[in-house]
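In TrEMBL this protein carries:
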DOMAIN    142-403  domain 'SAM-dependent MTase RsmB/NOP-type'
BINDING   Asp256, Asp301  S-adenosyl-L-methionine binding site
ACT_SITE  Cys354  active site, nucleophile
Amino acid sequence: MRLHRNLCFAVIDGLMLIFNEGQYADKVISQLLKRDKRWGARDRGFVAETTYDIVRWKRLYAEIAEVKEPFDRDNIWRMFAVWATLKGIKLPDWPYFENTPTRKIKGKFDELSKIRKYRESIPDWMDELGEKELGKELWTKEISALNEQADVILRVNTLKTTKEALQAELFDLDFDTEFLPNYPDALKLKERANVFQTEAFKNGFFEVQDASSQLVADFLNVEPGMRVVDACAGAGGKTLHIATLMQNKGQVIALDIYGNKLNELKRRAKRNGVFNVETRAIETTKVIKKLYDKADRVLIDAPCSGLGVLRRNPDAKWKLQPEFIENIKKTQQEILQQYAKIVKSGGQLVYATCSILPSENQDQINYFLTSETGKDFTFVTDKKVLSHISGYDGFYMALLKKN
Ligand SMILES: C[S@@+](CC[C@H](N)C(=O)[O-])C[C@H]1O[C@@H](n2cnc3c(N)ncnc32)[C@H](O)[C@@H]1O
């Protein structure tokens, strides 16, 4: 691979914003990709993937490059040189790479790779928490899987097309895909690509949604004609799936505390040909109270640490703080206590997170079941999805039934 100066500059500029200004990697990258209209798919791929890679391996590369935060531009070039050296890329004759100690870089990499927190490039507190919650063996395997690049998975919109028809349509555009056994609506891209430009996407034939996330709507056992409340709907990844499984029949009420996310949900619903969703922003507790005992099914896709989705959000390793996790656990229990009351007698509740920590998952459910509100519920089953076993995001989902 040959390095191109303007693409490398884009990566360095992006990393300055992510590391020093606290900006989100996905937002920075989408801005960077608008920089030059002449960039082709390969150039764009280089900018996005290199930036993500250096964000992912920040601690390891900084340690090897012997640089400390806050990073100046030279520090970031040194980390870039570490990235390129470890990838086996020949460094061009640019001033930034003068005196790059190639052999020393490889030696330090081998030495640091013996220590998990450096090898996996994570903060000390995260390494300790992961081991405490999952045990040494599972955490070691899981954090390694969470550092891999995520596949691009599509969820076929069965309101508009079939898996076979979409596969054929994408194949004609040179996007090769495969079915995933056990994920009925999923298509996996054999190679990463930007599928958002396709007519198929614009026509709402699919959404991009990780395979583990696609399990959640199925877990809720919805049927056409039901009244379903998606209580933490966000921009509606799961709401759309639920509405689709209900074949547009019945009602899905999508709630969130952020109205702007629900506006995005409405745009997506339109594209998907989904018209049985009503959005309600939770501005006061009245919105919830009005729904008590009214729903056949309730999904609580709770706010969480996001530790199961580090593959697609590597900067969360550096943004997350232990205090945030402690606070979000309190919010999770409050949400469970309040929103469970929306389920009517005989109805079902799914509590889900994209976390792999038992304290955000089964421990929350166990606590809930012993509480006053929880006494009305029976535990049916749960799924603990670990990335190193499934190959997809880490997730948790529990199904409860109201007596
Ligand atoms: C895991 S995300 C939801 C993702 C979404 N269900 C999807 O599939 O795309 C959690 C959501 O909970 C929302 N949230 C946070 N606190 C909440 C609360 N107290 N009540 C309802 N929603 C809340 C957040 O705004 C966020 O959109």
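Yeah, the Cβs are placed from backbone N, Cα and C, and that goes for glycine too.
Nobody curates TrEMBL annotations by hand; they come from automatic prediction.
Feature annotations (TrEMBL) mapped to structure.
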{"residue": "Asp256", "record": "S-adenosyl-L-methionine binding site", "contacts (Cβ under 8 Å, 6+ apart)": "Cys232, Ala233, Gly234, Leu262, Thr279, Ala281, Ile282"}
{"residue": "Asp301", "record": "S-adenosyl-L-methionine binding site", "contacts (Cβ under 8 Å, 6+ apart)": "Val216, Asp230, Ala231, Cys232, Ala233, Gly234, Lys238, Ala352, Thr353"}
{"residue": "Cys354", "record": "active site, nucleophile", "contacts (Cβ under 8 Å, 6+ apart)": "Ser212, Ser213, Cys304, Gly306, Leu307, Gly308, Val309, Asp393, Gly394, Phe395"}
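In the three-state DSSP classification, Cys354 (active site, nucleophile) falls within coil.
When pLDDT is averaged over the domain 'SAM-dependent MTase RsmB/NOP-type' (142-403), the result is 98.
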